[in-house]
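Annotated in Swiss-Prot:
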| type | residues | note |
| --- | --- | --- |
| BINDING | R41, G42, D98, D99, L100, T101, D102, T103, G104, K105, T106 | 5-phospho-alpha-D-ribose 1-diphosphate binding site |
| BINDING | D99 | Mg(2+) binding site |
| BINDING | D102, I145 | guanine binding site |
| BINDING | D102, T103, G104, K105, T106, W144, I145 | GMP binding site |
| BINDING | D102, I145 | xanthine binding site |
Amino acid sequence: MSLPDKAFPVSWDQFHRDARALAWRLAGLDKEFRAIVCITRGGLVPAAIISRELNIRMIDTVCIATRHDYVNQGDTVLLKGVAPELTTDAGEGVLVVDDLTDTGKTALEVREMLPRAHFACVYAKPKGVPTIDTFVTEVSQDTWIYFPWDMGFTYQEPIAKGSRG
């Protein structure tokens, strides 16, 4: 598989720093979160970091599979919903966490379940920004983010193809 023209590889160190930066932003909101709902699978890692930083012990998952070919995003399939006790008060006091909002399709699906929850993600693309309350880094819509859990160590082509450094 060749990399898209705008590839944005993220290391474990960078992701950890960015997830902590998201936790700092959330802490600055002066909101009391009673639980985290992480959107799997991408939300698992930032939820672990944020739950530690904000001392939130109640964590649930909403499992949504997005069919994609690593270039285009497709339909979503709900595999597991949110625990009923977290949907009381329309999700007031619940923090929904994901790694990325791309088109916003997944966030909108979860927002139907938890309309009063606070939605946060580490990275956001322009189409997804309106669906998220708090994020750290915005990238262009045509950028493909490679998360550390999706990568191994391989040779990277230079940005300027054909240059002789």
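From the backbone N, Cα and C atoms, a Cβ is placed for every residue, glycine too.
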Conformational class of D102 (5-phospho-alpha-D-ribose 1-diphosphate binding site) under the three-state DSSP mapping: coil
Protein Cβ atoms within 10 Å of D102 (5-phospho-alpha-D-ribose 1-diphosphate binding site), excluding its own: 24
R41 (5-phospho-alpha-D-ribose 1-diphosphate binding site): tally of other CB atoms within 10 A of its CB: 15
Span of D102, T103, G104, K105, T106, W144, I145 around GMP - largest C-alpha separation, Å: 17
Greatest inter-residue Cα distance in Å for the 5-phospho-alpha-D-ribose 1-diphosphate-binding set R41, G42, D98, D99, L100, T101, D102, T103, G104, K105, T106: 17
W144 (GMP binding site) to D102 (5-phospho-alpha-D-ribose 1-diphosphate binding site) - Cα separation in whole Å: 10
